[in-house]
Amino acid sequence: MNIKLIVIGKTDNCEMETLTQKYVSRLKHYVGFELITIPDIKNVKNLSENQQKEKEGQEILKRLGPSDALVLLDEKGKEFDSVGFSDYLQKKMNSGLKTLVFAIGGPYGFSKDVYAECQGKVSLSKMTFSHQMVRLFAVEQIYRGFTILRNEPYHHR
Ligand SMILES: C[S@@+](CC[C@H](N)C(=O)[O-])C[C@H]1O[C@@H](n2cnc3c(N)ncnc32)[C@H](O)[C@@H]1O
């Protein structure tokens, strides 16, 4: 199974970006992994929040292949502990799925169309984080999940 993570806009925080990239390169030792950054559209036109969500939603959906399973990072989604999340990844791999696509919404969240298309929602906490922070937490937790599945010491350090 491959994993893609779709995010909106470049992060302007260099440290967070560096850390995110560190986990992305570590992850690639465990799984085919791609971080897909949709260019920030808020600067393109003077859009309302809803219009921006719709546009971002179209961009997310455009990037899905026919057999990809879309799972949203969403504070109202299912919460796991890290071992539970590693089991979730294992079950997805066991199901024969080719590509698991996680997506992180833009500053206003996801459009209705994206919610309609998704096959699940995963929450990292009941608290709302910025979309830039969530990408770091998401790649770290996916990485942690694979180290748990491999019984490697990272999880306990
Ligand atoms: C600033 S939040 C958007 C908040 C927006 N008010 C909403 O209702 O979705 C941007 C994105 O970060 C992600 N996000 C924020 N907090 C999260 C959490 N606790 N767990 C998982 N994803 C989260 C979601 O993908 C969300 O669409």
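Glycine is treated like the rest: Cβ placed from N, Cα and C.
Around Lys126 (S-adenosyl-L-methionine binding site), the same-chain residues at least 6 positions away in sequence with a Cβ under 8 Å from its Cβ are Glu75, Glu79. Here TrEMBL flags Leu73, Gly105, Leu124, Ser125, Lys126, Met127, Thr128, Phe129 as S-adenosyl-L-methionine binding site.
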May I ask you to report the DSSP-based helix, strand or coil state of Thr128 (S-adenosyl-L-methionine binding site)?
coil
